[in-house]
Amino acid sequence: MSLSLWQQCLARLQDELPATEFSMWIRPLQAELRDNTLALYAPNRFVLDWVRDKYLNNINGLLNTFCGADAPQLRFEVGTKPVTQTLKTPVHNVVAPTQTTTAQPQRVAPAARSGWDNVPAPAEPTYRSNVNVKHTFDNFVEGKSNQLARAAARQVADNPGGAYNPLFLYGGTGLGKTHLLHAVGNGIMARKPNAKVVYMHSERFVQDMVKALQNNAIEEFKRYYRSVDALLIDDIQFFANKERSQEEFFHTFNALLEGNQQIILTSDRYPKEINGVEDRLKSRFGWGLTVAIEPPELETRVAILMKKADENDIRLPGEVAFFIAKRLRSNVRELEGALNRVIANANFTGRAITIDFVREALRDLLALQEKLVTIDNIQKTVAEYYKIKIADLLSKRRSRSVARPRQMAMALAKELTNHSLPEIGDAFGGRDHTTVLHACRKIEQLREESHDIKEDFSNLIRTLSS
């Protein structure tokens, strides 16, 4: 069965759609053309419903373009295409090859050994999972800032080694990347208790490799890491400038992908922005799906505080949660740390948790936050980021090169300060509060539509909150 028709559709869709959308929703589909019906198989119901709702017209339009009146009927199903041949290919290939004579690679069974660190005799490796059972999808608070990352992680947990391999999550400190890594690990092991799932910080990989070299046990090291079912590595940016570690990880990465074993990586920045890491590795990081996690919006911050308080059997008034969330914006870890401090103070003093009590308990933290983020600082940072003058932000100029940064700065001022809309308008050349409101709504809309605007907003939030 030729997949040339679906290959043509894929090529056009890849040109028409943003790279993230294509990787997230179109690449996982498998196609089968039979009896003038093109069946598209989605890995789960979530992907099927999304593709049918968002891309049905695009796909039907392409079928009509390529086939005219002979265009096949389109059918969606959950599952995998019926297999008539056995063939393993690297997951980054968009479609399966049509040849049937290629031999399937066989994974070599690891030789026996009794444990990793003591190495004398070959044996089945003893796997250190290191997955934290407390971090699950159930206690991960979802919002706009992390919705796509959570959905992708959930799909990986349901179908490890499938479409999103590798999965690369990136974002600032304390935004939930590590939580999602553990959640995936727990999800995989819940479905398959004997799965070999290994979570680790990238520095542990380096330490293990150094130990293996010192003990003349590099083959055992390779066997250990290349025989896992899922490898979850946190903070991959720490591989920077470690050439031997990168070399070893490069070969481990290739071996795992060829074996359809799942890889999930996290970093504090976009793969191509990681300095000191080889281009061939950065290229492979993007073979699957790359998803950003942004700082949580106000509603999500409130939900995080309420859920954390509930886990501690603490009644947290809604207005208090809102007060804290409005003033602490940078990351989840900071929010949880502030709440723990409030709870501890309340336990020590026996006082009720009120806004006045929180203001007192977090006095130094709130003062520091207000000192760090001001409208003047936002204007200066945005002007430097877009390479314009602060005077341009305050001017009446309406060219896009000035208007868009001005809207961005206004939206950031609303997000990161406690100033009212009229106060923000005054700070931007005496503009009306409705202008500020329009700017905020425009940036919110563009963040949904434009990857570049979304990245700009995240980068500026990270800079201003650090």
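These residue numbers are counts, starting from 1, taken along the chain as shown.
Glycine residues also receive a Cβ, built from the backbone N, Cα and C atoms like all the rest.
Remark: secondary structure over the region 'Domain I, interacts with DnaA modulators' (1-86) totals 47 helix, 17 strand, 22 coil, with classes taken from DSSP. Taken from Swiss-Prot, the feature region 'Domain I, interacts with DnaA modulators' applies to 1-86, supported by sequence analysis.
Here Swiss-Prot flags 86-129 as region 'Domain II'.
Annotation source Swiss-Prot lists region 'Domain III, AAA+ region' at 130-346, citing sequence analysis.
Sequence annotations record features per position, and here Swiss-Prot assigns ATP binding site to Gly174, Gly176, Lys177, Thr178. Annotation note: Gly174 (ATP binding site) sits in a coil segment as assigned by DSSP.
What Swiss-Prot records for 347-466 is region 'Domain IV, binds dsDNA', and it gives sequence analysis as the kind of evidence.
Sequence-distant neighbours of Lys177 (ATP binding site) (same chain, 6+ residues apart, CB-CB distance under 8 A): Ala149, Leu169, Tyr170, Gly171, Asp234, Thr266, Ile293.
The predicted model assigns the region 'Domain II' (86-129) a mean pLDDT of 41. The binding-site residues considered are Gly174, Gly176; of these, Gly174 has the fewest other C-beta atoms within 10 angstroms of its C-beta. Listed in sequence order, His135, Asp234, Thr266 are the same-chain residues six or more apart from Thr178 (ATP binding site) with CB atoms under 8 A from its CB. In terms of DSSP helix, strand and coil, the region 'Domain IV, binds dsDNA' (347-466) has 93 helix, 0 strand, 27 coil. Using the Cβ center of Gly174, Gly176, Lys177, Thr178 for ATP, the list of other same-chain residues with Cβ within 8 Å runs, in sequence order, Gly171, Thr173, Leu175, His179, Leu180, Thr266, Ile293, Asn331, Val332, Arg333.
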